[in-house]
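Following: one structure in structure tokens, then a few remarks.
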Amino acid sequence: MKALVFEAPERALLTHRDIPDPAPGEALVRIAYNSVCGSDLSFYKGVWHGSTYPVVPGHEWSGTVVDVNGPLGAELIGTNVVGDLTVSCGTCAHCTARTPTLCEDLGELGFTRDGACAEYMTIPVGNLRRLPDTLPLRAACQVEPLAVALNAVDRLGVTAGEKVAVMGAGGIGLLLAQAVRLRGGSVTAVAEPVPERRAAALALGVPAAVSGEPGALVELTRTHPDAVPDVVLEASGYPTAVQESLEAVRPGGRVGLVGYRIGETAVMAPHHIVLKVLTIRASMGPGTRFEEAIEVLASGAVTVDALLSHEFALDDYAKALDVALRRADSNTRSYFNLQA
């Protein structure tokens, strides 16, 4: 089978290897689609946490179960699925508290063990989620990032009638905007430096999309008081965006940290936090939102066409990574079609 391997920082190679055998309790999945997200790009550049080289990247995927090792999950053979990247021990204090992303022995598909940038992948059966026939496999590769967005919105407690601003209109940012609406909130503005991504946000009905330059969102809230958000969801990971979020949110408001960049330090003015009595909360991973993400994608309540901007065959991995890294050609998200 073909498999893309990150051998070392900034060194990727397309390899040919045997189809892997699933271990007991695991399934073998034929991958259909896999999208490239910001964490994959950071991993490629060598600035990511808890990752191991060499490894096959990829954790935003969809595919079909072709084999299962053991009785558990045998009914899934021949069905279309997606899956959680988190491979936790299940026994530590964090796992028993149902916070597996904090597992003391955390493994992650596409980072510490081979992921979905390959024609086949093995995965624990318990990580799989079955897809309805009404959800195309192309759209389904966005179930995982949509679950991340839903989890973040819920961790911040966004409720009906609240105003929300989103920092960053990449894949996660555009999904956050739609997740806010599912909870009855309204997105007053998106801040994003890439013009095509701002256009994508506007096409989703966001009323204002500012440049993403430092101070742009704050200036909007000064000139348009109705745009002052109750909640700011920071999805870009850029250090300056954290300070901007603190300044833009209303007194008594909430700031959610969703995006992050390893090795970069945000310089903040703590008086904004204290004087405005702000709540800052982080969110990581899909939590328990996979099933809902599948449901709303299948129903059409969330659209991902604007996210999946550039399709590539796995053979064209170098161009896929280059376009994504440079945000070239109006790129929002590169993805691999492994059925091609």
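Using the three backbone atoms N, Cα and C, a Cβ is placed for every residue, glycine included.
According to its DSSP assignment, HIS59 (Zn(2+) 1 binding site) is coil. Per Swiss-Prot, Zn(2+) 1 binding site is recorded for CYS37, HIS59, GLU144, and the stated evidence type is similarity to another entry.
What Swiss-Prot lists as Zn(2+) 2 binding site is CYS89, CYS92, CYS95, CYS103. Within 10 Å of the Cβ of CYS103 (Zn(2+) 2 binding site) there are 19 other Cβ atoms, across all protein chains.
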Shell of the Zn(2+) 2 site beyond CYS89, CYS92, CYS95, CYS103, same chain only (C-beta within 8 angstroms of their C-beta centre):
SER88, GLY90, THR91, ALA93, HIS94, THR96, PRO100, GLU104, ASP105, LEU106
Would you identify the secondary structure of CYS89 (Zn(2+) 2 binding site) according to DSSP, in three states?
coil
Roughly how many Å lie between the Cα atoms of CYS92 (Zn(2+) 2 binding site) and GLU144 (Zn(2+) 1 binding site), rounded to a whole value?
24
Rank aside, I only need the closest one: which of the binding-site residues CYS89, CYS95, CYS103 has its C-alpha nearest to that of CYS37 (Zn(2+) 1 binding site)?
CYS103
Most crowded position, judged by CB atoms within 10 A, among CYS37, CYS89, CYS92, CYS95 as binding-site residues:
CYS37
